[in-house]
């Protein structure tokens, strides 16, 4: 994949609208124009005590202080089942309380709360249930933690036999049963029901509403319900833009993406539902490519997967495919920016990594496919969220010689730097060792070095009982201390549990882990 250079005019930054064709290139990395909003959170000191019934208790002393200049906050994503199946109540409240105590004492800035469309608006259109999520926000407030809310308009899990299965709202699934083309399809006719096809973004397929209207209505209701917390406890909103919450097509089922870097598969184009094909036909007709009418990309004489930048068919198809994705992202970002304008919350959107071409990123050896999206995020004041921050080429190449996850992250990070867009890092796998934490630190420095006031944070995915095991907790707390103070360790640093830990956080962590394990 190409990293931007002055000879690549498509990789540039501009404040002009997309309809403006003139672009200005500057190789110089600009410093951030506006001052970064400084996050204020309680400084926490703790003392471990025992209550009369033997329960471990923390006394949290809050001292208002500003985060040190240049500090990078860490957030921890909550379990997918943090609320019950109807969103009526918070799950495992006692265990969650102990976990929140441990996170706060460890110096974590806050938690990431995934707000599942399939739970909040489960039964009927415009009937929302926020009770479980309100309990989470109240608990975070109690322990001095901030909250980032993810508007999750996609399904979670691999199917009904998955213990963490969260489908789309039942009434949406009913519409998919009536009209299967509401969901994505590949050339073999296989349907992917993780997310509604972007081909029908503005069509009234959901009881008289379009998908964009349905997403907007939920965000608007969230804003009105959580208004007292916005800008104080709730400091960030990540807007779901596709499968896995990422702005991409479902090139393969999301639950398989963990292994995507280990295979030579390229994924499948997701444009064979009638709505996507109608758009493709319209575009082909407008530019006179009659051979594309009423057929899919693979039915043409040249597959767009083979040297796409050198074939008219490939250039046409991949250009249309990526523009449709960009338009989808812009529609949702525009609505979200309007809804949360003036609420003092940081807006963000997430990019995918595996299978770039079939995921919708027109990224080849001579072309960068991520910068147009990052520029779009910048226009709406969005932060870009990039996963796979912990992955290293050396690890993946032992399995797949052509895999370059580290290079991909560097490409996205460099684009964010050049376009002056804030960055959120995120891990793509749950098994993080010392080397993985060191890689996260390395990527954070790659983004921040040389910038006067870099805006970076890290989302750790996700909180579970393994996190609170003694060795893992030692590595995690050391990582939090390092990245949140920018006191970078040298090459000989050890994230594998060595060194002394403060007894209070580790004791609470052990107790939290025991409670989690008991459920």
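For all residues, glycine too, the Cβ spot is worked out from N, Cα and C.
Unlike curated records, TrEMBL annotations are generated automatically.
Quick look at what TrEMBL lists:
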- 246: active site, proton donor (ACT_SITE)
- 426: active site, proton acceptor (ACT_SITE)
Cβ neighbours of the residue listed as 'active site, proton donor' where a neighbour is any other Cβ within 10 Å: 24
Inter-residue Cα distance where the pair is residue 426 (active site, proton acceptor) and residue 246 (active site, proton donor), in Å: 12
Cβ neighbours within the same chain of residue 426 (active site, proton acceptor) - under 8 Å, at least six residues apart: 350, 385, 386, 387, 388, 389, 458, 459, 460, 461
